[in-house]
């Protein structure tokens with residue numbers, strides 16, 4: 001297992017201007033907030049980074065600026081999220097040119113592959129790049145495609161992938177993956193994206209987490225990791241409970257689409273704590289307004305973050 005890619009690696013939000021352009025100066029502040037908050041790495045251009053709404057020039061700008069601002073203090077994992085391997089490879093090679101430390105790729109989507117073809121998708125990406133590769137298991141965005149446990153472990157043993165970012169929401173499946181990975185000699189770094197049960201995932205053997213709420217409260221996740229590594233599980237649970245109280249911002253948003261719920265809540269909270277100047281989203285998604293916005297701000301104050 002590559003120990004560079006363990007611990008807390010938040011999926012970094014992408015700030016925007018009112019005109020829908022990437023706000024690079026605001027991105028600098030986000031990166032400093034995360035690194036100063038004790039995060040062990042940065043995952044850019046994932047779902048929380050609104051990658052689906054960015055064109056190639058915007059993706060390049062986010063990558064170049066993040067690499068420059070991080071300046072080697074923590075590794076930068078870059079999402080190369082595209083429909084098929086050839087398109088993923090194009091984006092991955094560009095990220096490699098811009099200084100990425102690792103690539104994160106999902107399975108193919110819109111295409112309808114067999115299990116064997118999904119494995120070959122990752123093999124093709126690995127063969128074309130000179131960076132470590134993470135598999136991104138996110139069925140909700142891939143038409144229900146779940147990356148198989150045995151396939152992932154086999155790809156790890158082959159050296160095709162170095163880790164898995166698990167956003168499947170399948171905690172039983174994740175536990176089975178942890179056990180299979182351990183039995184195979186632990187070739188993979190396994191990161192949970194299930195941010196309200198990170199304490200439990202670390203207890204059962206996860207190597208870290210990719211918590212979207214870490215954009216708002218990185219210090220609590222850093223404290224959680226420290227407690228878990230010290231096997232202070234009661235303390236870890238207390239910290240996790242505090243995190244979950246803040247994570248209520250996501251459930252406070254009503255009547256929005258999926259992309260208009262969690263990420264706008266994170267950005268609104270980041271505005272409330274002073275990291276961002278606004279909570280603009282990539283068009284056509286709108287920032288929170290009215291009661292939704294106020295409920296998020298009220299929770300941020302109630303949990304003592306602002």
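Glycine is treated like the rest: Cβ placed from N, Cα and C.
Per TrEMBL, the feature active site, proton donor/acceptor maps to 136. In the three-state DSSP scheme, residue 136 (active site, proton donor/acceptor) is classed as strand. Neighbour density for residue 136 (active site, proton donor/acceptor): within 10 A of its CB lie 27 other CB atoms from the protein chains shown.
Sequence-distant contacts of residue 165 (active site, schiff-base intermediate with substrate), defined as residues of its own chain at least six apart whose C-beta falls under 8 angstroms from its C-beta, comprise 43, 46, 104, 134, 135, 136, 137, 138, 191, 193, 210. Marked as active site, schiff-base intermediate with substrate by TrEMBL: 165.
For residue 210 (pyruvate binding site), the count of additional Cβ atoms within 10 Å of its Cβ stands at 27 [all protein chains shown]. In the three-state DSSP scheme, residue 210 (pyruvate binding site) is classed as coil. Sequence annotations record features per position, and here TrEMBL assigns pyruvate binding site to 210.
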